[in-house]
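Here the structure comes first, spelled out in structure tokens, and everything after it is commentary.
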Amino acid sequence: MSSNTSSYIQFANAEDKQEFSKFPTKAGRRSLSRSISQSSTDSYSSAASYTDSSDDETSPRDKAQVNSHGSTNFCVKNIKQAEFGRREIEIAEQDMSALISLRKRAQGEKPLAGAKIVGCTHITAQTAVLIETLVALGAQCRWTACNIYSTQNEVAAALAETGVPVFAWKGESEDDFWWCIDRCVNSDGWQANMILDDGGDLTHWVYKKYPSVFKKVRGIVEESVTGVHRLYQLSKAGKLCVPAMNVNDSVTKQKFDNLYCCRESILDGLKRTTDIMFGGKQVVVCGYGEVGKGCCTALKALGAIVCITEIDPICALQACMDGFRVVKLSEVIRQMDVVITCTGNKNVVSREHLDRMKNGCIVCNMGHSNTEIDVASLRSPELTWERVRSQVDHIIWPDGKRVIVLAEGRLLNLSCSTVPTFVLSITATTQALALIELYNAPEGRYKQDVYLLPKKMDEYVASLHLPNFDAHLTELSDEQAKYMGLNKNGPFKPNYYRY
């Protein structure tokens, strides 16, 4: 945000003005105008956080902190918050029983012994359970956050207290973000041989700044659409010199994290920010992939009138068969009460669309990055930004029209609410298995390319979570298995099967 922004921003009350004044100019540590081309800027909520990043204006980079073991190899907001973070991690463990089960089954074998994993993900209680599982399986880990708003400060402190070098805090500036990544990678006497990434920023940094390290990495695990896209670009250009695992397109990620998670969290995010009643509201959802399907199912169930925009005829036909009208955004934008993007693309909602929206229209994003809504075009002198509540802005046009923008176009559910811990357990278990597979794979199994998680592992992740529902699988008889041409223990579907 430019330094003259405050001259045309109005505030609903004095507290909001005081809160806003804490944000410095573009050159400050908490710049709100992060470069999309440089890093992923989807946001992750610290809604359950005990503390806020504004409690102490001193940058963690300027603090001298020591944990109870005498280590200074970390940079977090406040190491004294570790006890609160530990409680949150313990709560998360209760609903991540499958990941804990994997930890207990494999920690004797230490399948990650010798692995030096550098990670760049959302640092939350659920991620902490994953990190501590990797450590229990023998890995050494160094960690940073994949975006500037994602970190739960007390959780980062709890990890640092246990000895995991963590470099992250909520409200980092652009410079802080890359400094934290560099501190994770560039450590005397320690060189990463595995990468766990969310968004591709860490991979990009190592590839550009530390090519010798990148060439010696044994594998990369990536869980986001954006990061996977960047990996495929490297592979296509012949610049990917290590094998990479595309976790995002694994069945357990697509069908659970993307579909079922968004089906619940879209409503939570919208309710917390706007108190909207969905019955009778006109809603357009841009994109009918797994995320779009989850959003539409939830909205339709509460009585919203939902239509879809799509570029893919197959997804469009699915939407039609599910009872949704497929339209062009320009055809319906004037009538919409809510506009939701979930395409993974850029400028899906343009300034022209925003100009044509009716008064009170709510605009939000459920995709990975904040590129889908052209929020940058709204940072113009003729428009007024009014901060209504945390992550909710009214953009006021000269004629008095107001458009409600949520989370500045960042990921709604992770910015404005929370996501179910159980779903994150599925994704985290998939990530852990992908790391184990790549690290232990015999030479030659994986070339310098991007791979999907083996079907057998997808099924294993699912099986670990079935006891939560007291579910009992039917077993094939020898005769049935022979008839179907299957192994009794799986995999039960071919790789091309569409669940």
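Cβ atoms here come from the backbone N, Cα and C positions, even for glycine.
Taken verbatim from TrEMBL:
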type: REGION; residues: 19-69; note: region 'Disordered'
type: COMPBIAS; residues: 33-52; note: compositional bias 'Low complexity'
type: BINDING; residues: Thr124, Asp198, Glu223, Lys253, Asp257; note: substrate binding site
type: DOMAIN; residues: 258-419; note: domain 'S-adenosyl-L-homocysteine hydrolase NAD binding'
type: BINDING; residues: Gly289, Glu290, Val291, Gly292, Lys293, Gly294, Glu310, Asn413; note: NAD(+) binding site
Annotated NAD(+) contacts Gly289, Glu290, Val291, Gly292, Lys293, Gly294, Glu310, Asn413, maximal Cα-Cα distance (Å, integer): 22
Candidate binding-site residues Gly289, Val291, Gly292, Lys293, Asn413, pick with smallest Cα gap to Asp257 (substrate binding site): Val291
For substrate: widest Cα to Cα gap among Thr124, Asp198, Glu223, Lys253, Asp257 in Å: 18
Nonlocal residues around Lys253 (substrate binding site), in sequence order (Cβ under 8 Å, 6 or more apart): Glu223, Val247, Ile426, Thr427, Thr430
Mean predicted confidence [pLDDT] for the domain 'S-adenosyl-L-homocysteine hydrolase NAD binding' (258-419): 94
Between Lys293 (NAD(+) binding site) and Asp198 (substrate binding site), the C-alpha gap once rounded to whole angstrom: 23
Which of Gly289, Gly292, Gly294, the listed binding-site residues, has fewest other Cβ atoms within 10 Å: Gly289
Distance [Cα-Cα, Å, rounded] between Asn413 (NAD(+) binding site) and Thr124 (substrate binding site): 14
Those residues of the chain, 6+ apart, with a Cβ under 8 Å from that of Val291 (NAD(+) binding site): Asn258, Leu259, Cys262, Cys342, Met366, Gly367
Packing count at Glu290 (NAD(+) binding site) (other Cβ atoms within 10 Å of its Cβ): 21
